[in-house]
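A short write-up of the structure that comes next.
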Amino acid sequence: MQTSLSQSPATAATTITCGSRSSYLLPFGHSKPVNLKFCGLRREALGFFSLSSSCSRRVQNHLPSRKHSKRVAASAADNGSPPKSFDYDLIIIGAGVGGHGAALHAVEKGLITAIIEGDVVGGTCVNRGCVPSKALLAVSGRMRELQSEHHMKALGLQVSAAGYDRQGVADHANNLALKIRSNLTNSMKALGVDILTGVGAILGPQEVKYGKAGSPDNIVTAKDIIIATGSVPFVPKGIEVDGKTVITSDHALKLEHVPDWIAIVGSGYIGLEFSDVYTALGSEVTFIEALDQLMPGFDPEIGKLAQRVLINTRKIDYHTGVFATKITPAKDGKPVSIELIDAKTKEPKDTLEVDAALTATGRAPFTNGLGLKNINVETQRGFIPVDERMRVIDANGNLVPHLYCIGDANGKMMLAHAASAQGISVVEQVTGRDHVLNHLSIPAACFTHPEISMVGLTEPQAREKAECEGFEISVTKTSFRANTKALAENEGEGLAKLIYRPDNGEILGVHIFGLHTADLIHEASNAIALGTRIQDIKFAVHAHPTLSEVLDELFKSAKVHAHDFSPVSEPVAV
């Protein structure tokens, strides 16, 4: 993998062909490591689960074996051969958010299900990503508010100097991860999902082995198999990680140290969130970005506003258009050393000396050791190739029967809630209902203060699509400064942006920067998912005064020419 492509999040790698051109890139359809770590947990993650009639017969967490009283018979219609019995209807390799979501939906559909986990339940999201990072960001948000004398004075509040206990903050993040992990485990056990402990690998069609290092492998069979092994932090060549002064996001979430000065390599989602945490806790931050602008991947207009608020007003400086070709950890009294070169000319540019460095250059798929050669599957830059229904494709371009891959391992959209949605989509398919997930309807968010959220296409992407397909687009915007609730909170800094087709009212993209936008974006994402047109959603009623009225005003400000009820275009499956 080229370092030039790895030091900032690439938000698109899936191509839509327009005539002889194939340059249009969909958002978040990644084919290389990207800076996305967001979480979409089902309600069972919070401990709210119940037994359904279809699974109450398996409330025990059975020991893994091939002795189920009820064997699973594959239909002879599948391949024209006699029925074959299996240990399970469905085996899922990986117990992260994607695997968990698929397992719960499978049980709901009456499938005998097992999930294989070689580490801990919850995967990256719960243990090393979304969950602990949001705990740290909750702390940084409160610290930032308490430290803002102007903000407090505007509300009529007087607060003495705010402080924090580093270990207490770290414990808050760790305890939250432990709680969510326990809830996920309990929900699966209560619903009768077998949790098989060990590293899983595919032996052949519909056959999986698993086991711990140094112990004999166990072999189980299933009618269908889902790979959901997730991802790991990507560390570019030349960066020496010691886990203390040169760290990845996994290390940073433990908050073992708050350095006076930290360099963050990559200014995407991961880098932005950690800059929010570190500056709130007193650190100075230097961004190192390979591209010519900070915050690549965001809609340019939203990114420009966010940079003014999230970076320019804080103790943050930055270097753009440069690569960190070598990072050496601090030792023998010497600071961390970072060698920079020009991204275009590759000439030496500068050398930085800082207290610590965080590599926030995205994540790489965790697909090694899965036994893919046994089924003639070759990864593409580590990602497992799949079609729009998450069916695995082998080296000859053929579908591998009864094998699926979801989440970060397939690289389509590296978000935890996207993995869960893909898993549910697969379960729908294996239980007889064809389902294709519209990835353009899946929202994403960056949990800075204020937050950034988005769904669908950016304005440049929408304009290229319009040119390709021969239609016009329009853009409308609304400000948080006109929202009563935002003003009451003294948080009027923010902007909402709608990109749409004026001819038929189709929503192409919505981007929001401001207070609680990670919650606001779902009205837009659901509208895209359901094919709701602007001329219809204009009639929706929003409570007053609420932040949701930002979107109410946004949709009402759109000018749609069509007044008929012609359907919008079909969803795009990337």
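Keep in mind that glycine also has a Cβ here, set from the backbone N, Cα and C atoms.
Under the heading active site, proton acceptor, TrEMBL lists H544. Within the same chain, the residues at least 6 positions away from H544 (active site, proton acceptor) whose Cβ sits under 8 Å from its Cβ are T484, listed in sequence order.
Residues annotated as FAD binding site in TrEMBL: K134, G200, T229, G230, S231, D408, M414, L415, A416, H417. When Cβ atoms from all protein chains are considered, those within 10 Å of K134 (FAD binding site) total 18, not counting its own.
According to TrEMBL, the feature NAD(+) binding site maps to G266, S267, G268, Y269, I270, G271, L272, E273, E289, G362. Within the same chain, the residues at least 6 positions away from L272 (NAD(+) binding site) whose Cβ sits under 8 Å from its Cβ are M295, L310, C446, T448, I452, listed in sequence order.
Its own atom aside, the Cβ of C125 (disulfide bond) has 32 Cβ atoms within 10 angstroms in the protein chains shown. TrEMBL lists C125-C130 with the feature disulfide bond.
Residues annotated as domain 'FAD/NAD(P)-binding' in TrEMBL: 88-423.
What TrEMBL records for 442-553 is domain 'Pyridine nucleotide-disulphide oxidoreductase dimerisation'.
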Query raised in the report: Judged by the number of other CB atoms within 10 angstroms, which among C130, I270, M414, A416 is the least packed of the recorded positions?
Result: C130
Report task. Using all protein chains shown, find which of the binding-site residues T229, S231 scores highest when you count other CB atoms within 10 A of its CB. Result -> T229
Report task. Compare all C-alpha positions of G266, S267, G268, Y269, I270, G271, L272, E273, E289, G362, the record's NAD(+) binders, and send over the largest distance in angstrom. Result -> 15
Query raised in the report: How big is the Cα-to-Cα gap, in Å, between S231 (FAD binding site) and G266 (NAD(+) binding site)?
Result: 18
Query raised in the report: Along the domain 'FAD/NAD(P)-binding' (88-423), what average pLDDT does this model show?
Result: 93
Requested in this report: Could you check the binding-site residues G266, G268 and say which one's CB has the fewest neighbouring CB atoms inside 10 Å?
Outcome: G268
Query - Candidate recorded positions C125, G268, E289, pick with smallest Cα gap to A416 (FAD binding site) - result: C125
